[in-house]
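Engineer: For Asp29, the entry in TrEMBL reads active site. According to TrEMBL, the feature active site, proton acceptor maps to Asn77. According to TrEMBL, the Mg(2+) binding site annotation covers Asp29, Glu216. The substrate binding site feature in TrEMBL is assigned to 30-34, Arg42, His46, 74-76, Trp78, Arg80, Arg197, 203-205.
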Amino acid sequence: MTAMQTILNKLPSDLSPDRLPRHVAVIMDGNGRWAKRRGLPRVIGHRQGVEALKKLLRCCDDWGIKALTAYAFSTENWGRPLEEVEFLMTLFERVLARELEEMMEENVRIQFVGNLTALPSSLQAQIEHSMNETLNNTGIQFTVATNYGARQEIIQACRAIATQVQLGHIQPDDIDEALFSRHLYTANICDPDLLIRTSGEMRLSNFLLWQMAYGELYITDTLWPDFDRGEFHRALSTYQQRERRFGKV
């Protein structure tokens, strides 16, 4: 059985394989509210959020989505209570260590984007190890935005390009969208076709501002830990009903 036949066997029959988004991005919102509604600590919501992300990654792989990007921790999230931030850093590290073998078995290539140098050294080491180990995998591209902020990413790209101009390596007239994109954290992956945000919030929250220029948005009131294949199916169905014009008639 070919890879395409395997995908067709798993893909819901009402979805067209020819109109699937190549790249799905997700803002995983609502972990804290999910826990609060159940009288549980916020950290339990984050644990359940990890499980929801694992299920979505597997679903994307099963249904032929080529890339998934998850907004795991923003530059603004450092303003949360210290105990919660420390828990999240430890959680990221433990999940990476625990899931690496399975990612290798499932041919997942993982990369992290953001200001990674500000993360705890042990987490940085685990991130580097995971990226190196999965570097040659050829399956789904899984990108985790950690200590990420789109405005900061754009400023960093501007500084890098300005330096190249000062050194005489490029001319100002050489600067175009393609060159600018090559200086972003996401230079090696295509722009998202679909951005999903859970918990009903209607904002981008400083996520992939450049890359989402023509991406489609899907907002659901579902809290992230409750996001499942059924909800993803609805998101893809809605996406396939839209006509993408990219600014044209």
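Think of each number as a place in line: the chain as shown, counted from 1.
Every residue gets a Cβ built from N, Cα and C, even glycine.
TrEMBL annotations: computationally assigned, not manually curated.
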Engineer: Nearest to the residue listed as 'active site' by Cα, among His46, Thr75, Asn77, Trp78, Arg197 (recorded positions)?
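Structural biologist: Spatially nearest to the residue listed as 'active site' by Cα position is Arg197.
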Engineer: Given the recorded positions Asp29, Glu216, which one's Cβ is surrounded by the fewest other Cβ atoms within 10 Å?
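Structural biologist: Among the recorded positions Asp29, Glu216, the lowest count of other Cβ atoms within 10 Å belongs to Glu216.
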Engineer: Per residue, counting other C-beta atoms within 10 angstroms of the C-beta, which of the binding-site residues Gly30, Gly32 reaches the highest number?
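Structural biologist: Max Cβ neighbours within 10 Å, all protein chains included: Gly30.
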Engineer: Return the residues near Leu204 (substrate binding site) by Cβ distance under 8 Å, restricted to its own chain and a separation of at least 6 in sequence.
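Structural biologist: Set apart from Leu204 (substrate binding site) by at least 6 residues yet with Cβ under 8 Å, we have Ile27, Ala150, Leu195, Met212.
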Engineer: Taking only the Cα atoms, work out how far Trp34 (substrate binding site) lies from Glu216 (Mg(2+) binding site), in Å, as a whole number.
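Structural biologist: Between the Cα atoms of Trp34 (substrate binding site) and Glu216 (Mg(2+) binding site), the distance comes to 26 Å.
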